[in-house]
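What TrEMBL says about this protein:
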ACT_SITE  101  active site, nucleophile
DOMAIN    14-235  domain 'UCH catalytic'
SITE      95  site 'Transition state stabilizer'
SITE      187  site 'Important for enzyme activity'
């Protein structure tokens with residue numbers, strides 16, 4: 001994450017921030033090529049177990065929305081400039097589009113874990129995943145299809161979208177389970193996947209107590225106990 005000796009981050013372009021609305025996130029995800037069998041839903045508490053009983057399991061990814069500070073947008077020393085693939089199936093993409101952290105959270109949620117069965121052949125996501133790691137950021141930056149699809153989603157929220165040049169004080173990060181069961185925090189503004197130290201068994205998902213404890217620690221670290229949002233990716237309720 002950002003450090004005191006980091007330099008300001010530069011971006012290739014700027015887009016309108018997307019609202020943390022599960023319907024908006026789901027529509028954008030489907031437009032990019034993920035099956036309508038999956039959708040995002042709100043998680044209202046990481047403390048009240050009773051409320052979590054209503055969440056469809058298994059949960060395949062979590063997207064956490066946190067308040068941020070200016071220094072959080074700085075470049076950590078040693079930051080990568082291109083996407084990486086890792087031995088345990090992790091795919092990580094650095095954020096090169098300003099205000100699009102919601103998009104990168106969706107990408108990290110849908111391009112990782114055992115998600116290939118939900119990716120439509122020849123879709124945008126299918127093409128992105130098949131690109132060499134060094135070319136994924138270029139594809140994201142240059143795709144007019146993506147920009148149009150994303151901007152439509154950004155304007156679809158229940159609140160008025162901020163101006164394109166307006167700085168926002170919220171940031172999205174994603175938690176995923178790798179093929180080996182390790183839980184990672186995926187943040188395009190970091191230097192790569194962040195190990196959480198949580199190891200899940202084969203049948204466990206991202207609503208296990210160990211993962212929720214990790215999420216609570218992340219919320220506390222950001223001082224966001226009363227100002228966070230959390231989305232879960234799971235099978236859609238028909």
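For all residues, glycine too, the Cβ spot is worked out from N, Cα and C.
Here the C-alpha separation of residue 187 (site 'Important for enzyme activity') and residue 95 (site 'Transition state stabilizer') works out to 8 Å.
All protein chains included, residue 95 (site 'Transition state stabilizer') registers 24 other Cβ atoms within 10 Å of its own Cβ. Reported as a whole number, the C-alpha separation between residue 95 (site 'Transition state stabilizer') and residue 101 (active site, nucleophile) equals 7 Å. Within the model, the domain 'UCH catalytic' (14-235) carries an average pLDDT of 89.
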